[in-house]
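Lifted from TrEMBL, the feature list:
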type     : residues  : note
DOMAIN   : C:71-271  : domain 'ABC transmembrane type-1'
DOMAIN   : C:352-542 : domain 'ABC transmembrane type-1'
TRANSMEM : C:18-39   : transmembrane segment
TRANSMEM : C:75-99   : transmembrane segment
TRANSMEM : C:106-131 : transmembrane segment
TRANSMEM : C:151-174 : transmembrane segment
TRANSMEM : C:195-217 : transmembrane segment
TRANSMEM : C:252-270 : transmembrane segment
TRANSMEM : C:302-331 : transmembrane segment
TRANSMEM : C:351-378 : transmembrane segment
TRANSMEM : C:390-410 : transmembrane segment
TRANSMEM : C:416-434 : transmembrane segment
TRANSMEM : C:521-549 : transmembrane segment
Amino acid sequence: MTTKSVTLKNVTKTFHDDNNNLVHAVSDVNLTIEQGEFATLLGPSGCGKTTTLRMVAGFEEVTQGDIYFGSENVNKISPNKRDCTMVFQSYALFPHLSVFDNVAYGLKIKKLPKDVIEEKVDKIFSIMNLTDHKTRMPSQLSGGQQQRVALARALVMEPGVLLFDEPLSNLDAKLRLLMRDEIRRLQKRLGITAIYVTHDQSEAMSMSDKVIVMNNGKIEQVGSPQEIYQRPTSRFVADFIGTANFIQGKVLGRKENELEIQTADTILRAAAYGDFFEGQSVLIVVRPEAVRLKDEGEGSLKGKVTKSVFMGQTQEYEVDYNGVPLQVTVHNPMGEKIYEVDETVSLHFPKESLHIIKG
Amino acid sequence: MKKTRLVLIYVLLAAFLVACGSSGTGSSSGKVTVYVGFQEDHAVAAMEQFTEDTGIEVDMIRMSAGEILAKVRAEKDNPQADIWYGGPADTFVQAVEEGLLQSYHSPEAEKIDPRFKDEDGYWTGIYVGALGFASNKDFLDQHGLEAPTKWEDLLHPAFENEIVMAHPGSSGTAYTILYTVLKVFGGEDAGFDYLHKLHPQVQQYTTSGSAPGRMVGMGEAAVGLLFAHDIIKYQEEGFDSLILTIPEDGTGYETGAVAIIDGAPQSELAQKFIDWSLGTSAQEVGQRTGSYQNLTNPDAKEPEKAVRLEDINTIEYDPAEAGSQRSRLIDKWDNEVNN
Amino acid sequence: MGRVKPIQELKRLAREPLLLTCIILVMASLFVFIVYPLFQIGRTSFFSVDGSFSVAAYKRILSGGNLLTALTNSLVLAFIVSILSTIIAYIFAYTIAYINVPLKKLFNGIAILPVISPPFVIALSAILLFGRQGFISNHLLGLQNANIYGLNGLILVQTLTYFPIAFLVLAGLLRSISPALEEASENLGASKLKTFISVTLPLSTPGIANAYLLVFIQSLADFGNPMTIGGNYTTVAREIYLQAVGSYDMQAGASLAMLLLTITMVVYAIQKFWVGKRSYVTVTGKPTSGRKLIDSGWLKHMMFGICFSLSVTVILFYILVPIGSFIQLWGINNSFTLDHYKYVFNLGQKAIVDTFTLSLIATPIAGLLGMIIAFLIVRKNFIGKKTMELVSMLSIAIPGTVLGIAYILSFNKAPLALTGTAVIIIAAFVVRAVPVGIRSGIASLQQIDPSIEEASTNLGANQSQTFFGIVLPLIKPAFFSGLVYSFVKSMTAMSAVIFLISARYNLITASILSQVESGRIGVASAYCTILIIIMIISLLILNGMLRLFGGEYDKKTKKTTNNPAGQKPLSM
């Protein structure tokens, strides 16, 4: 199995909609996914992630730009000749073929000898615990089993690139968690390059080596899950990944690697990633779990609790801070003091959990 | 799955091959294609006889004379058939005028009375048959009527909506009737006057010339106008209530003809066919299948049951004139009478 | 996913030569066998024999006389027949959907029967029953001058022939009206009658309009019945034939054909685009469950009575033809005979073999073509797709006689000198049958997830491997019902092919017509009986094949392949 890197160079996809207006589904995407890497295209629906994936698979034509598998430009290669296989959102199992025939389908198309086909299929079945279901029809399987057949069908082809189009969205929550692990485990074990499309950020976080956040047909940010979460480069990314509070401010000055930010009622310091200049409007990103609440008077920053909900593992607050509602999450509320609505609290923003982006 | 697919492809391929093959061969070699104007059983018997006598294979289709004329016209640029066999000579005359037929003087034709053939050899008569009235005996008995013997008799009030004849447009028989009426009444105006009066008596204008005989036999109508030989045939088939009368004030007759179609793909075989059709063997087929026309070949044995032309009052029937006026008269009839 | 720029589209197609070839082939055949012939009719109608432009033929038709009468006659007939058919069909459909009566299976079956029967059966039976020597008119009622030929006979025969079409439309519709709506009405205090008038009836109005218009088109285009039983009541389809074949006035025939075509096209357009959009109920083919059936009262008895007696009538009409085929001379000499069959086997063998062979060739072509066109329309984007869809669907509204006359006008000269060949007959069969296949193909493709095909492509299959290996098996029910329909339609086709038969290829229906014309009812009945037997045997074999090839998934995978194709392949 020779797995391949995937490179997109200035890839653009335009459609004409029904009123014949030009629509940019994907614009000017540049991206490299290394060999063996698990990359996730993440974004809200309509952001172009699925279109991008389908261009890689060849189901959609590239309007402009180039796609490479390794060093080979695949623009002109028709979808059935591309060295990639896909796991579909709806699984797309052939309902008239047995599980075995579904998985063997691509190998038969390749005209491999019968014994080779059987060997390969049996091997993948044993890896995926499907051996017992070999002779069943897809409709006789549960959702999770169908999902595994779809995965087996893609894997058995030993493709250069494995593509996933929201494969878990039809499963119930528990199964989804199980399958995440299984897919990740298999991908690592086989060392295969994978491109995964989802709108579910926890899926993206938990599985990926690299997350590509897309919005409006453009890449917003590329990075590891940690980078994406902890150091978003735009308000969109910060907002889309997890929950974020934004505090407006202006850059006062730079001290070593830290920036001083003037907010409405105080000056906050935070590590600087990227270029900022004095006087620039910025947003300070604070995750709800980073905010500390203390009794009134234990700090200079004041807020008023407007909502307080007990969630079991956490206590969720909404705090009015200078007219801006802040989301605050307190973990393990059992050991903590619970503030009621209308109580005034003092707010603390630990410097290491603040992140600054352009405003 | 593969098997199904293979089968499908195979079937499709076969289908196309058959289709192409049959179009490719166009006119199959060594086979004469004949449009026959006889009744079907007569037609089939005649074709079998032909193959037996000459060893030549035949493709044939039976149609009424009008339909044959229409088909030959339609196929003018791409003739599909060689022979037009049977049907009144007037339709042949019209075809000659339109250049649809091919002249051939068969050696066999020399014996045939000039009345019954085209002097330029475009068509040759094979049989002659007079028009008659077929009446339903039960109907006559119930209404205390005699079978009609004059054309005027058909206008009797009791026959209102009780007469059947064919449509002159589609049937040569009916055109013979139309033309005969004009002759009997001594001119076009008087003739059409009569046809106008006849129209309300007519229950139905059938497509086929012989159908009225059967309808009368079935009791669906009281009187039918058609060829006497067809009436005799129906009597033979078991329609016991049929009475045949011949109009005493004059009746027309058809000359059944045969001709080679212009541009016939198999013109040599077509000539052989004409020679054969004028001979005794061909002409005697009819009486074996219940077709009792008079025959044009004087050597052929006349059917015993046939009405002899000598015994009846026939009009001067000029096929050439009848044929050349055909379109005009039918149009006139269609526009003035039948609407 | 919206439309794609044409140039890009072309580039993409160029990379899929198979698809491109396929599209070009389909487009070319649609053009050659539908568009071009219709164009030829139009041309012929405007040019006299000597080649000069003239509207004389139209003037002649519209200035009154025979041809105009034929036109108005047809409209009157269609108007009456559609009303009667729709009423009867509604009674049938309502009874089956709303009332708890016995023999529902029978009623259902009865309603389907006339759809697959040869065109003459009911007309022949009508003559045997109500003609001069008719069993009912003469023997039971003692009528001396019963006249079945004409308007009355046509109304009777066409109503019995075409009410099933209306029934199929209405049955589907009534079945899918949610009982909850009616329960809501009753719950709000409306009586059963009030509920029917204010809920059920309005909900079924689009279906009624649909059924009415479909029957209207059929009645207008009908050729076999007017030929058999029309008497002097001339109708337009028959007059086209007589003008074209009898008098060989091609211009008049073509003009009349153009007028008929225009009327049917307009009616079809109304049915498709106007009524179709007004439907409140989407016919899913899934019966809505849980309607409480009316189980007692006069209504039940009355409705049952109507359905039962109608069913008996239809059965009678069908039994009569086989019986008639064994009777020497109906009404005159009622002794048993095999003569008619001897006659058919002696003289009609060729027609039988030809009909069967040509139908057998046309069936897979029409079946496969229907699925391919459906596939292209549903799944592919290409220039001219809308045109392809429109042409292939509109062809359903082309009356057979119009198509027939169009074909003789178009295929007489090189390079398309097809007259007298099998190709022209097969083409007519296919064109007549394919729209229904396309419709059921489209319906079932729309229910199949497109990513199944993408999965196949993704796994390396090319277009044809995907089509034959995945798509076709998935829409197999639609495919087979398309095959069955094509076969039935071809075996019983007459109106179009009557113009196209030749010495080399004759057809049973043409033989029947010629027997009917010369009044040999016994022989015609024998032909009909044999035709019906051939069809039943062939359908059983086809059905067996379906079972043989039908995988187990049919029963299980209703989710992805539940298609209504089997539901109504036979309606227009």
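Cβ atoms here come from the backbone N, Cα and C positions, even for glycine.
Note that the structure is predicted; figures quoted are calculated from it, not measured.
Among the listed stretches C:252-270, C:302-331, C:351-378, the one sharing the most Cβ pairs under 8 Å with the transmembrane segment (C:106-131) is C:302-331. Long-range Cβ contacts of the transmembrane segment (C:151-174) within its own chain (Cβ-Cβ under 8 Å, at least 6 residues beyond either end) map to 73, 76-77, 80-82, 84-86, 88-90, 92-94, 96-98, 108, 111-115, 119, 122-123, 126, 130, 200, 204, 206-208, 210-212, 214-215, 218-219, 222, 225-226, 228-231, 233, 235, 281, 283, 285, 313-314, 317, 564, 567-568, 570-572. Using a Cβ-Cβ cut-off under 8 Å and counting only residues 6 or more beyond its ends in the same chain, the transmembrane segment (C:252-270) has close neighbours at 38, 41-42, 44-45, 57-58, 60-61, 67, 70-71, 74-75, 213, 216-217, 220-221, 236-237, 239-241, 243-244, 394, 396-399, 401-402, 405-406, 409.
Comparing C:18-39, C:195-217, C:302-331, C:390-410, C:416-434 for CB pairs under 8 angstroms to the transmembrane segment (C:351-378), the maximum falls on C:416-434. Contact between the transmembrane segment (C:521-549) and the transmembrane segment (C:302-331) holds: at least three of their C-beta pairs are under 8 Å, each pair 6 or more apart in sequence. The list of residues near the transmembrane segment (C:416-434) in space but at least 6 beyond its ends in sequence, with Cβ under 8 angstroms from a Cβ of it, reads 32-34, 358-359, 361-363, 365-366, 369-370, 373, 392, 395, 398, 400, 403-404, 407-408, 410, 482, 485-486, 489-490, 493, 496-497, 500-505, 507. Sequence-distant contacts of the transmembrane segment (C:195-217) (same chain, at least 6 residues past either end, Cβ-Cβ under 8 Å): 78-79, 81-83, 85-86, 89-90, 162-163, 165-167, 169-170, 172-174, 177, 181-182, 185-186, 264, 267-268, 270-271, 275-276, 278-281, 397, 399, 571-572.
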